[in-house]
Amino acid sequence: MTRIRLLAGWPAAALAILVLSTLSAGAQTAPGAKPPVEAPRAAPAAPAAPPPPTEPRPQADETRPIRAELDRIRLDFEQREAALRGGRELSDGELQGLRGGIDALVERARVLVDEVAPRLDAARARLQQLGDKPEEGAPPESPELQADRRAREAAVAEFDETQRIGRAVMLQGQQVVAQISDRRRSLFARSLFRQSQSLASPGLWYDVARVLPREIAALNRVLGDWAERIVREAKAPALALLALAMLGAAVLHWGRHRLVPRLVNRDPAAKPTPMIRHVAALQVLVLGTLPAAVASLMVYAALDGAGFLPLRVRPIAGTALAGLAFVAFVIALAEAILAPGRETWRIVRMSDTGARRVARLAVAIAWIITAGKVVEAVNAAIAAALPLTVLARGLFAAAAALVLAAGLRRFAARSIEEEACLGPYIPDSTVSGPLRILGWSAVAALGAALVAGYVAFASFLLDQIAWITILAALLFLSIRLVDVMLVRTLRDPTRLSSALQANTGLRRRSLQQIAVLIDGVARVVLILAAALLALAPWGVESRDLLSSMRAAFFGVQVGDITISLSGIVVALLIFALGIAATRIVQRWLETAFLPATDLDAGLRNSIKTAFGYLGFFIAAALALSSLGLGLERIALVAGALSVGIGFGLQSIVNNFVSGLILLWERPIRVGDLIVVGDGEGYVRKISVRSTEIETFDRSTIIVPNSNLISGVVRNRVRGDRTGRVVLPIAVLRSQDPVRAAEVLVGCAANHPDILKEPPPRVNFKKIGDTWLEFDLIAFVFDVDNQSRVHSELNFAVFRELTAGGFIPPMGPPSLNVGGLGSVEAALEHIASAIGTVDKAGPQRRQLAGE
């Protein structure tokens, strides 16, 4: 119908285009007759500059095919909108048909708009070269310039109009997609939440009893037709094909039960590594599912190929065989993750009893869902009445809810038994508690929906519970496989990681970072895929999300600026390349060019840092210009943010400006020896916010740049690098001070690093009771040598003063304490008493022996 409507609309469209072209031609030729009448006033300028209305418009030839294609796309969107506005209620399949192809048309419109954009920019640039029009009272432009201006303005208007039409067409397509999505969601909600009779309603059971004989007769007719079809088509080739398929299915099921356990030997007594455990789980899942799926497909293909399946029986057979494959998949998934009876091979933290119960519960619900789907296919084949369909869906949903409740109750009873045997329950870090809450919530939701009469919602909810559970299990297994097989292989010292290190030169730390990055990306991709699959039954299609992601990637128009993810990525790449080029040039300046000049280290550092700032601003400007943000827009944004900068970022901006002042005025330079507060050391780096000072004990002081500008800083090498050495010296008062000063000056003059001009000198500071105190003052060429020269002068002065007797040699230390005569007499009395006792001791021992 859409194609017919398109063809039917072409004659009217062609007629409209013909009329419009005729009118436009008349509009161009009517004014064109006037200039020849005014030709005498134009004088010689008329032949040189043809009249503007009759000038050719090459830009119209450029945009005509684009306009035609945009019109075709717009006509397609209008037809889809007309179908949506029709009075008939569209089904989900018809809505999907209307949805198909819109993304490609929107993408084509975007390509056309992108083709026009550079032409519009070029036309605007050419028009700007002419400048503004002269104001009133100013001398007019020449006719040639006026004609050129009109032609360029027409080109800008033509391209701008085409671009606006393209954007309008894109917006129209996005609106059609939104309308279709809204209609589908509304249709899905109405069908899902349509209320019927409750399972507890006697009326439902009465209606089923009333229509049941008729439905049984219809089922008998279907089975009879199937039997007649089998008898009629039961020829040797067909029977041989069916027998071969059944034999192949039997072999596959035998291999699944007999050979797979031998191929995947999970010995309960073994202690496998995480890698072996997860690989074995993957093998169990694949080898347990694939044979059943292939067997079901073989049997269905044989039945259909042999002609044994009538049209109404075909969905029943397909559903039944697919259900068998589904049950086999659930069994394999439970065996892979839970590993009942093989605790060392289990990849989840769970007891063996719990694993067995969960596996049995999952398989039981899978059988209930399969049986329910088969019954629904039978009802559809016999066109069963609504009460029978409602009852069938409700009974299977109730059976699943009862089985789930019984399984949860067994877990609760086991917990009570364990508490009675082992003491009070101690919570662990497992997720069994939240899972039980979710399970009981599902049971309550199923029960409430069945009692309230929302049988369709209950059946849908049961399917979603099974579907989301399977997705969660597959997601868990996939994440663990990625973590074990890929991430740990790169992170741990394995053969692959060692080979990568040897061949690529990557460090162990780099491989670990790559492994963590791969793990994060894989988790995000798997979670997004699982989320899309979980939302698919709710009417959320991947192409809708991809369309939204494509729109975000290619941009959203905000005024004259297009904000897009791709533009942001390109801007970031431009900025990164600019910064990288700046760093390369900085390194070249630091290592090659600047060392070859006569500039000092501080000036070289200032040049390198200033070039870094310049490169940063140039890279930022290029990145912003690629986003369509010119310097004038940046100035407006900076003006708007000035208030916030003044309050919230005052200290940061203050330090930044102070850093620029330090680089420009250079009160301190890299390598200078400065004193700031209690800290003294060498300036090692002047950055944007702070300055690094290295002290003499190799520690680093971080000083904000504002402190260096507004505070007091002592720069020992600001004017020159000359340093002063001061030695305090004390000699005996009995010595000649003039001779002592000569000795001190001679020691300083003989040192090779002491400057001759100004010469070293001695200041006589103090005349003490026992000492004469002097200060030896000398100057060194480089302040860096100050500490070393100070130490060497101490050695030389001490040696000369000791040799000259100015400093007496130090004897052993002695301590004279007066006023202790009474104590000394007491000690002598005690000592004499002790001596008397010692002399009487042998006599007493002799008498005791006699």
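Think of each number as a place in line: the chain as shown, counted from 1.
Cβ from N, Cα, C; glycine included.
The compositional bias 'Pro residues' annotation in TrEMBL covers 47-56.
Under the heading domain 'DUF3772', TrEMBL lists 167-221.
Taken from TrEMBL, the feature domain 'Mechanosensitive ion channel MscS' covers 652-715.
Feature annotation from TrEMBL assigns domain 'Mechanosensitive ion channel MscS C-terminal' to 725-802.
Positions annotated as region 'Disordered' by TrEMBL: 27-65 (among others).
Marked as region 'Disordered' by TrEMBL: 129-150 (among others).
The annotation signal peptide is assigned in TrEMBL to 1-27.
The transmembrane segment annotation in TrEMBL covers 236-255 (among others). Beyond the transmembrane segment (236-255), the same-chain residues lying 6 or more positions past its ends with a Cβ under 8 Å from any Cβ of the stretch are 291-292, 294-296, 298-299, 301-303, 305-308.
Here TrEMBL flags 276-303 (among others) as transmembrane segment. Beyond the transmembrane segment (276-303), the same-chain residues lying 6 or more positions past its ends with a Cβ under 8 Å from any Cβ of the stretch are 241-242, 244-246, 248-249, 252-253, 255-256, 260, 263-264, 266, 309, 317-318, 321-322, 324-325, 327-329, 331-333, 335-337, 339, 344-345, 347, 477, 480-481, 484-485.
The transmembrane segment annotation in TrEMBL covers 315-338 (among others).
Away from its own ends, the transmembrane segment (358-375) comes close to residues 316, 319-320, 323-324, 326-327, 330-331, 333-335, 338, 340, 350, 392-393, 396-397, 399-400, 403-404, 407, 459, 462-463, 466, 469 of its chain (Cβ-Cβ under 8 Å, at least six residues beyond either end). Annotation comment: TrEMBL describes 358-375 (among others) as transmembrane segment.
TrEMBL lists 381-406 (among others) with the feature transmembrane segment.
Here TrEMBL flags 437-459 (among others) as transmembrane segment.
Sequence annotations record features per position, and here TrEMBL assigns transmembrane segment to 465-487 (among others). Counting only same-chain residues 6+ beyond the ends of the transmembrane segment (465-487), those with a CB under 8 A from a CB of the stretch are 274-275, 278-279, 281-282, 285, 330, 333, 336-337, 347-348, 362, 365-366, 369, 442, 515-516, 518-519, 522-523, 526-527, 530, 533-534, 537.
The feature transmembrane segment is assigned by TrEMBL to 514-538 (among others). Using a Cβ-Cβ cut-off under 8 Å and counting only residues 6 or more beyond its ends in the same chain, the transmembrane segment (514-538) has close neighbours at 188, 460, 463-464, 467-468, 471-472, 474-475, 478-479, 482-483, 486-491, 506, 545.
The annotation transmembrane segment is assigned in TrEMBL to 558-580 (among others).
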Open item on the list: At a threshold of under 8 Å on Cβ distances, which of 315-338, 381-406, 610-631 pairs most often with the transmembrane segment (437-459)?
Closed with: 381-406
TODO: Let me know the model's mean pLDDT on the domain 'DUF3772' (167-221).
DONE: 83
Open item on the list: DSSP on the region 'Disordered' (129-150): how many residues come out helix, how many strand, how many coil?
Closed with: 8 helix, 0 strand, 14 coil
Open item on the list: Please report, as numbers and ranges, the same-chain residues at least 6 past the borders of the transmembrane segment (610-631) whose CB is under 8 Å from any CB of it.
Closed with: 560-563, 567-568, 570-572, 574-575, 577-579, 581-583, 585-586, 589, 660, 663, 688
